[in-house]
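Trainee: Below are the features listed in Swiss-Prot for this protein:
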- 1-16: signal peptide (SIGNAL)
- 30-257: domain 'Peptidase S1' (DOMAIN)
- 55-71: disulfide bond (DISULFID)
- 70: active site, charge relay system (ACT_SITE)
- 110: N-linked glycosylation site (CARBOHYD)
- 117: active site, charge relay system (ACT_SITE)
- 130: N-linked glycosylation site (CARBOHYD)
- 182-197: disulfide bond (DISULFID)
- 188: N-linked glycosylation site (CARBOHYD)
- 207: site 'Required for specificity' (SITE)
- 209-233: disulfide bond (DISULFID)
- 213: active site, charge relay system (ACT_SITE)
């Protein structure tokens, strides 16, 4: 069963799609990380519905944000109740809130296979750029993800099983996993060319999950991935799956001219 998480501050929502079932779950979290300072990750944003954090994302300009397509679904797609917080290590305070003007989900996003799990948010007003608010550096189109590279993930997911979102930004670093090794672990679903994997296979204990969906995954200062889906969190048997940003570089440019 595929599991991904849209973590709300105080509630969880479950819905089913066709096989495999896709389930939100408030008990999955970033594990094995530590507190982070937004100055070190100034592209990170908190994607919020009615002022409650439920997904991550990252700035690519002063008016555009990238997140996961699965973060935008029925019940959480009403733009009048969507906003982002920038420039703060805390999702609930400081920095500045910005309204979402519109969103664009990838036209080929598949909720069953989780392929093309990417979306864009256009902000109503531009953010003020400073040391805590800065667009991410993106890879070039077609850039591949090396095996065993150190992937850094940030987000506000809970820090223990069954917990709520963490109020302070968390960071964790895990290695990328060879695509064939990953596919041998993820036996019931396909790892497409638009995805890559990361995790401590055989060890576990560190991972991204709830509240981190849509957030940035960074290698050498570039945001190369988007937190997308997985069978579990921090499980030594299963790596996490990330949307490969370089596979969508042309689409991002077509929609945003960035």
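Backbone N, Cα and C atoms are what each Cβ position is placed from, and that goes for glycine too.
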Trainee: In Å, rounded, how far does the Cα of residue 130 (N-linked glycosylation site) sit from the Cα of residue 70 (active site, charge relay system)?
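Mentor: On Cα coordinates alone, these residues lie 30 Å apart.
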Trainee: Fill in the CA-CA distance, residue 182 (disulfide bond) to residue 70 (active site, charge relay system), as an integer in Å.
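Mentor: Between the alpha carbons of residue 182 (disulfide bond) and residue 70 (active site, charge relay system) there are 21 Å.
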Trainee: At a 10 Å cut-off from the C-beta of residue 213 (active site, charge relay system), count the other C-beta atoms across all protein chains.
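Mentor: If we count other Cβ atoms within 10 Å of residue 213 (active site, charge relay system), we arrive at 29.
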Trainee: For residue 233 (disulfide bond), what is the tally of other C-beta atoms lying within 10 angstroms of its C-beta?
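Mentor: Other Cβ atoms found within 10 Å: 26.
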Trainee: Please report the DSSP secondary structure of residue 130 (N-linked glycosylation site), reduced to three states.
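Mentor: Its secondary structure by DSSP: strand.
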Trainee: Calculate the distance in Å between the alpha carbons (Cα) of residue 213 (active site, charge relay system) and residue 55 (disulfide bond), and round it to a whole number.
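Mentor: Checking the Cα atoms of residue 213 (active site, charge relay system) and residue 55 (disulfide bond) gives a distance of 5 Å.
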Trainee: How many Å separate the Cα atoms of residue 188 (N-linked glycosylation site) and residue 55 (disulfide bond)?
Mentor: 26
Trainee: Need this for a regression test: recorded positions 55, 70, 233, filtered to those with Cα within 10 Å of residue 207 (site 'Required for specificity'). What's left?
Mentor: 233
Trainee: Tell me, by DSSP, whether residue 55 (disulfide bond) is helix, strand or coil?
Mentor: strand
Trainee: Checking the contact step here: among the recorded positions 55, 70, 71, 117, 233, which have a Cα within 10 Å of the Cα of residue 110 (N-linked glycosylation site)?
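Mentor: Matched recorded positions: 70, 117, sequence order.
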Trainee: If you count the C-beta atoms lying within 10 Å of each candidate's C-beta, which of the disulfide-bonded residues 71, 182, 197 ends up with the smallest number?
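Mentor: So among 71, 182, 197, the disulfide-bonded residues given, the one with the fewest Cβ atoms within 10 Å is 182.
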Trainee: Which of the three DSSP states, helix, strand or coil, fits residue 207 (site 'Required for specificity')?
Mentor: strand
Trainee: Residue 207 (site 'Required for specificity') has how many other Cβ neighbours within 10 Å of its own Cβ?
Mentor: 28
